[in-house]
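Engineer: Below: one structure in structure tokens.
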């Protein structure tokens, strides 16, 4: 038996999410929920935004470079004071804006759709 | 002209530690940083946040890490050019470099080590149409000289400490101060928030919240701004519009120095010494990239250490040297101090 292409081991704890990049291209990807990863890190791991333009503060809700718009109807963790304060200072903010670094990947987020906000 | 052995661009943890490693090799260092203080992101963005992956420090606050580094390098008397951005570089015929800052300060060194992190911190500019046309024509992102605003009508936007602090300061200088913020809440220091409340109550600061500036009006210079609050849009006359939304790092002028750039970082030879494509210029810490690169402070320390050995060989190609352990060789500062391990005392029993 031969296996063609990239063999990929999909863990049972992976979820499918869709990330629309800054050029408007949608990427359906597998995101692990057991690696303590947040949405910003998922975007970086798939290189869906150029390095140096996302996650600049490293994920401390202090730069808004990972701002995204949540396009699906998922129950996400509540906005903390830190995230809220940063969004108050960020640009291109909409009602569905969140900071990717504050959204930990969880099984219930399967099917999540987010769009990356423009680089600011 | 400032002369040194290793000119370090960026005074973050990696840049600071370079001074120590260079000092052990008797090389002098001078650091340039666009920020007014040393420490880079650790001081500017998260001084009160803990770091857990500095070897042998189970937990240390970023600000304390910087303080410790400053103590560690003090014997090697580094020079600092702070609050100035490294702007241009010129390679002389003898292979040495002259780096000139945004304020025109010139530095001459045989070795340049770029430890610039994610770049120099620059004001974040709101995406208001045509705002660039009004820069220095009534739009300022940084307040350099408060006297510019004497008896002028000023509109400040932002919700952090700098927006609050400057609103308070300019309330006594300007003809009028309007503070615009997208929220009703401000995240600045409690004292500042209370002071703004007080000044608002006595009519010295006008607060417009939750609102934002969406347009700038003016022929040659700023004459008014359009403010959006909820569904309402209205114009407010002013002489200056000062958006204060904090700082964000940009690679900036370094990107135009002829260095090979990949992924917003400088490519280096990681198999050897972190040299860039220009001999004599190294890039260390978060600013560089190579296969497997990790942007960690501890990796920056390692890169700085190897880079200094290579720099020494470039400066003194004829000199032989082997790395010495500080426990054995001690630390001899340029200030005349010497730290060394206490000698064992041998006493015979008679």
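From the backbone N, Cα and C atoms, a Cβ is placed for every residue, glycine too.
TrEMBL: automatically predicted annotations, no manual curation.
Not my notes, these are from TrEMBL:
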| type | residues | note |
| --- | --- | --- |
| BINDING | B:14, B:33, B:41, B:46, B:86, B:121, B:286, B:327 | FAD binding site |
| DOMAIN | B:5-291 | domain 'FAD/NAD(P)-binding' |
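A description of the local structural setting of each listed feature is requested, covering burial, neighbours and distances.
Structural biologist: When Cβ atoms from all protein chains are considered, those within 10 Å of residue B:46 (FAD binding site) total 17, not counting its own.
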Engineer: Name the binding-site residues, out of B:14, B:33, B:46, B:86, B:121, B:327, that lie close to chain A, meaning a Cβ-Cβ distance under 8 Å, keeping sequence order and answering 'none' if none do.
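Structural biologist: Checking chain A against the binding-site residues, the residues within range (Cβ-Cβ under 8 Å) are B:46.
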Engineer: B:14, B:41, B:327: which of these binding-site residues has the sparsest Cβ neighbourhood within 10 Å?
Structural biologist: B:327
Engineer: Name, in the order they occur in the sequence, the residues of the same chain whose CB lies under 8 A from the CB of residue B:121 (FAD binding site) and which sit 6 or more residues away.
Structural biologist: B:34, B:35, B:44, B:247, B:248, B:249
Engineer: Could you pull the average pLDDT for the domain 'FAD/NAD(P)-binding' (B:5-291)?
Structural biologist: 95
Engineer: Can you give me the same-chain residues 6 or more apart in sequence from residue B:286 (FAD binding site) with a CB-CB distance under 8 Å?
Structural biologist: B:12, B:14, B:117, B:118, B:265, B:295, B:300
